Amino acid sequence: MDTIIKKTATPDVLLTSKLQKLFRWETFLILIVMFVFVMNSYLSPYFLDPWNLSDATFNFTEKALIALPMAMLIIAKEIDISVAAIISLSSTFMGLVAQMGAPIYMVVLVGVFVGAVCGLVNGLLVTRFKIPSIVVTIGTMSLFRGISYILLGDQVVRDYPDGFEFFGQGYVYWVFSFELVLFAFFALVFYWLLHRTTFGRYTYAIGNNPDASYFSGIKVDKHRLILFTLVGAMSGVAAVLLTSRLGSTRPSIAMGWELSIITMVVLGGVSILGGSGTIAGVVLAVILMGLVTFGMGLLNIPGIVMTIIVGVMLITVVSLPVLITMYKCKKAKVL
Amino acid sequence: MLRHFIYSREGVLSLIVLVMFFGVGAINPDFISLSNSISIFNDTSILIMLALGQMMVILTRCIDLSVAANVAFTGMVVAMVNRYFPDINMAFLILLSLLIGAFLGAINGLFVWLLKVPSIVITLGTMSIYRGSTFLLSDGAWVNSHQMSASFIALPRFEILSMPVLGWMAIAAIIIVFWAMKFSVWGRNFYSAGGNPMAAFYSGVNVGKVQFYAFLVSGTLAGLCGYLWVSRFAVAYVDVANGFELQVVAACVIGGISIVGGVGTVVGCVIGALFIGVVNNALPIIGVSPFWQMAISGLVIIIAVIANASSDKNKARIILRKSDESADSAQVN
């Protein structure tokens, strides 16, 4: 019986248990972040240097920018696997217009615009044809990156206008890079959007029960379309930053990012089944992953070992609440 | 029966594959020669086997993203065992690859069965763990062809009736899975567990256990493919089959296996994989730059799922009453 209930019930059943309210996932994340921070500063003398810490943020800000709208999309019971391919296509178009001698603002606009169009394509396919988003975006993932390969082949574009490197390499004030400030800004924007507006509440409603939301008068398809476009546009923004940081475009840019972005979101406590999760959790998960990667880098531990740790964390995140509920159920039965 | 097949999704798909195959053959007759056909099939064998496992997983409403990492890990273990014990019996090595693959698949399956956690998250996690473990195991080093024994490399290339053993293995896998999915209760349970878990539960099917079996089979096949991959390309390294999991899922999707579970056939799955195989082999022949390959397969996936979605339209109607017909068009699945 258990199977059936778990499969059909909303994940909120799990998340509204008293234990969950006491030990919120976010609290747990804060504790881990603090632990990792202390451990890192204890293990490596180079960790607590503001410039080193600032450098470390470059590793995750671009992914984190996409993780924010992705969290909203997953809360609304959808998913987008094509984000890394959108970065590639958007970066390709930026490279092409830059080669034609476009000014900086044009290059940036094209980047964000191409991203938004890609997102819109995903959204239209999902809403018009009623295809599960995971399938659509597996297809568009190949399509978008494929178009980059057709346009660029094995070329590399490096002719970006002077000053373009600011977005990915510049600093706004002291150690605060433009990327970091932009991430902080968008984190606030998405916090407001998800937790302080009706748009955000609709997102939860759709994620918990799309049918009920539809019959309550929420324009479910339009909402999904907006979310997909938002994810696409943010991927475009990430593409601007990444292209500017690398100073070059090639079709294989950001390969495999989609899975690490989804990992960030899930690690942040967003339920993959939709309906629950917070922006704060995602931001904490992003910081945690950044700190762990950076700390291990300082200790000369290869990056791939990090992937094992992330994998274990990911599985722990989803298994732990279930194990706790199972344990509680068993206890209740005994009594 | 034949007529039924022609009008079915698989029939249309095989027609498209055949048209493509002979269309390229019209441009270059060598393409449709027997030896080239065999080599295309041989090239696609690993994809076919992995897609068969993935099909069973998808039928039960799950997804296995860890197959490619499983291939890399098992391949590395087998290659390293072979490197340090060159005289080892090949039968033992193949058994070893099956066991390791089954073990890795069982880990996925147990999480899904006992904890009922979403498979996409679990396999996303195990994907990183298996891939990372491959690195830990090999320390990032490669196992190259000169470090492999002659029989290790020769086995999948050994030709029986002018088809390499690799191709025969795929054929054997297709026949076994086809038989199981069509004629055994064990296999039919995959459809019932995915089609309607609630009904399956009340009919006495242990849905979780069926999902566990699906992951077990997928893992076992991935393990075998781990050996085959490493042997075929005569090199084992950490990034073997990187990103291949999505191509496997794509083969299933093209083959008409519904990602929401319960719908799909072995024939469709094989044709879906062959489709990708034919496209990959045909592009260089008709003089299209290989850079087009990715976009074409993406486009094909999208067209295939749109076609499948429109033939599935009746399914959504069952959920709503007739009086809600007007709302139906806007209804979400």
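Going from the start of the chain as shown, residues are counted 1 onward.
The backbone N, Cα and C atoms fix where each Cβ goes, glycine too.
Just so you know, TrEMBL annotations never went through curation; they're auto-generated.
Annotation source TrEMBL lists transmembrane segment at A:28-48 (among others). Beyond the ends of the transmembrane segment (A:28-48), by six or more residues, the same chain brings 268-269, 281, 284-285, 287-288, 291-292, 294-295, 298-299 to within a C-beta distance below 8 angstroms of the stretch.
If you look up TrEMBL, you'll see A:60-76 (among others) marked as transmembrane segment. Nonlocal intrachain contacts for the transmembrane segment (A:60-76), taken as residues 6+ away from its ends with a CB within less than 8 angstroms of a stretch CB, comprise 83, 177, 179-180, 182-183, 186-187, 190, 193-194, 200, 203-204, 206-207, 223-224, 227-228, 230-231, 233-235, 237-238, 241-242, 245, 254, 257, 260-262, 264-266, 268, 270-272, 274-277, 279, 282-283, 285-286, 289-290, 293.
If you look up TrEMBL, you'll see A:104-126 (among others) marked as transmembrane segment. Remote same-chain partners of the transmembrane segment (A:104-126), defined as residues 6 or more beyond its termini with a Cβ less than 8 Å from a stretch Cβ, comprise 78, 80, 82, 85-87, 89-91, 93-94, 97-98, 132-133, 136-137, 140, 144, 160-161, 163-164, 167, 224-237, 239-240, 243.
Annotation comment: TrEMBL describes A:133-151 (among others) as transmembrane segment. Within the chain, the transmembrane segment (A:133-151) has long-range Cβ neighbours (under 8 A, six or more residues past its boundaries) at 78-82, 84-86, 88-89, 91-92, 96, 118, 121-122, 125-126, 228, 251, 258.
The transmembrane segment annotation in TrEMBL covers A:171-194 (among others).
Among the features that TrEMBL reports, transmembrane segment is placed at A:225-242 (among others).
The annotation transmembrane segment is assigned in TrEMBL to A:254-273 (among others). Panel annotation: around the transmembrane segment (A:254-273), residues 10-11, 15, 25-26, 29, 60, 62-64, 66-67, 70-71, 74-75, 77, 79-85, 87-88, 91, 141, 238-239, 242, 281-286, 288-289, 310, 313-314, 317-318 of the same chain, lying at least six beyond its termini, place a Cβ under 8 Å from a Cβ of the stretch.
Taken from TrEMBL, the feature transmembrane segment applies to A:280-298 (among others). Using a Cβ-Cβ cut-off under 8 Å and counting only residues 6 or more beyond its ends in the same chain, the transmembrane segment (A:280-298) has close neighbours at 25-26, 29-30, 32-33, 36-37, 39-40, 43-44, 46-47, 52-53, 56-57, 59-60, 63-64, 67-68, 71, 187, 191, 263-265, 267-270, 305-306, 309-310.
The transmembrane segment annotation in TrEMBL covers A:304-327 (among others).
Same-chain residues lying 6+ beyond the ends of the transmembrane segment (A:171-194) with a Cβ under 8 Å from its Cβ atoms: 50-51, 53-54, 57-58, 61-62, 64-65, 68-69, 71-72, 75, 200, 203, 234, 237, 241, 245, 278-280, 283.
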